[in-house]
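What follows is a set of notes on a single structure, which appears directly below.
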Amino acid sequence: MVTHVLAIDQGTTSSRAILFRADTSIAAIAQQEFPQHFPASGWVEHEPEDIWTSTVATCREAMNKAGVTPKDIAAIGITNQRETTVVWDRATGQAMHRAVVWQDRRTADICARLKAEGHEPAISAKTGLIVDPYFSGTKIAWILDSVPGARARASRGDLLFGTVDCYLLWRLTGGKVHATDATNASRTLLFDIHTGQWDEELLKILRVPRAMLPEVKDSSAHFGDSVADLFGAPISIRGIAGDQQAAVVGQACFAPGMIKSTYGTGCFALLNTGATPVASKNKLLTTIAYQLNGKRTYALEGSIFVAGSAVQWLRDGLGLIKQASETGPLADRSDATQSVYLVPAFVGMGAPYWNPNVRGALFGLTRNTGPAELAHAALESVCYQTFDLWAAMRADWPDAAAAHTVLRVDGGMTASDWTMQRLADLLDAPVDRPVIQETTALGAAYLAGLSAGVYPEPSKFADNWRLERRFKPAMSAATRTRKLKGWAAAVRGVLASDGGEGR
């Protein structure tokens with residue numbers, strides 16, 4: 001009897017597999033970290049083979065833990081770190097270069113050239129994005145220009161490009177299917193989010209051959225079947241979405257005005273704007289939230305590059321903690337008279353500043369500043385950055401008074417009550433943490449299960465969303481104002497170090 005859906009959650013630092021039952025409860029979870037490579041300042045790479053082997057290993061482990069076989073699994077759903085770029089040989093499957101990760105800033109010069117040549121208005125109008133190293137298009141161009149012979153081979157159709165979902169799908173199907181979904185395509189700088197097609201003008205500007213690009217499908221569709229020797233029998237692959245869009249689905253943010261924020265390596269807030277794309281006046285992105293039955297639902301997005309990775313820095317870079325769960329209790333012991341601010345621009349700054357060149361800084365240090373104050377500043381930096389996104393979304397959304405009065409949160413950092421309470425305090429709004437916090441994986445599972453007939457239509461699925469805890473604002477208005485002013489001053493100081501105020 002088909003009773004489960006398998007979600008592949010391929011993230012920045014680890015690959016995970018989560019088996020969901022038909023009632024969306026979790027049957028098993030498996031996780032495997034893989035190495036990060038930092039060959040130069042601002043460069044971040046992954047070995048595609050590490051992504052692949054860790055994905056297969058976790059799928060097998062989750063199935064073994066739950067005691068299920070392929071005949072028990074209705075479908076596989078894939079969600080993935082977005083923008084991360086893989087280029088591989090169509091015939092052999094060999095990657096031409098390590099995967100260039102979404103955090104990577106090596107293409108800042110390419111982006112500067114595109115802006116200088118006046119291309120940004122056309123790119124932004126069609127893609128809803130800005131010209132920034134974050135997105136896949138300039139990463140593809142860099143690989144083609146940097147690997148000897150790659151550009152000529154790509155023009156002949158010998159090379160394929162894919163975001164991580166596309167690469168995994170190609171491997172899972174034994175090289176039979178080269179496809180992606182609309183959410184991942186919308187993050188490449190090559191896809192017109194209004195027409196739902198790869199755009200010839202954008203391909204020409206970025207110098208990317210059309211032959212490299214995958215077919216673009218709905219987020220819930222039959223993409224193909226896994227080859228039998230991977231799991232013992234074929235399993236249908238029926239759902240794909242980028243990780244942040246999958247979280248929108250998993251959080252059941254199906255109504256315009258609903259907003260979710262996911263806290264993993266980075267932080268990403270998305271506001272559902274319905275069937276109409278809203279052009280941001282406050283340096284947010286306009287993107288596709290999901291595509292079902294050929295109909296696109298759009299979102300405003302704010303992207304923060306450093307959230308959970310600030311806690312990793314406390315652990316791995318400074319040695320202040322041994323595990324992430326220690327951070328909240330440590331921060332709680334900080335000296336309340338100190339005002340230490342961390343601006344964690346380790347790889348530049350994302351929304352709403354968009355400056356790839358600045359680097360992080362600490363402000364307000366005294367002789368008495370210690371581990372507790374640094375932990376406090378690291379956690380609080382995530383809340384301040386979320387506030388910046390929140391304020392920009394309120395300004396952009398045409399009915400701000402009726403929109404996103406509650407923030408739905410998910411991701412690893414939401415386990416910290418300290419951080420979630422501080423987030424509610426600084427936003428001056430309730431923060432809702434759901435019972436099922438694996439919302440990214442749940443979104444992928446839902447998209448796959450919807451196509452397979454396991455899960456109901458979105459409105460009925462939304463009825464199953466359950467609140468675990470609501471964090472209510474408790475900070476005084478005076479304290480909130482003082483702290484936000486201090487954060488704004490710290491950000492100005494960092495931006496001034498590059499001689500500007502962002503893009």
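Heads up, the Cβ atoms here are built off N, Cα and C, so glycines get one too.
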In Swiss-Prot, sn-glycerol 3-phosphate binding by R82, E83, Y134, D243 extends, among T3, T12, T13, T24, to T12
Let me make sure I understand the structure: which of the binding-site residues listed (T12, Q244) has the fewest other Cβ atoms within 10 A of its Cβ? T12
Within the same chain, the residues at least 6 apart in sequence whose Cβ is under 8 angstroms from that of Q312 (ATP binding site) are T13, T265, A324
DSSP three-state assignment (helix, strand or coil) for E83 (sn-glycerol 3-phosphate binding site): coil
Among R16, Q244, G308, G412, which are recorded as binding-site residues, the nearest neighbour of Y134 (sn-glycerol 3-phosphate binding site) by Cα: Q244
Looking at the binding-site residues T13, S14, T265, which sits with the largest number of other Cβ atoms within 10 Å of its Cβ? T265
Determine the minimum-neighbour residue: among G308, G412, listed as binding-site residues, which Cβ has the fewest other Cβ atoms within 10 angstroms? G412
Max CA-CA distance, Å, over listed ATP-binding residues T12, T13, S14, T265, G308, Q312, G412: 13
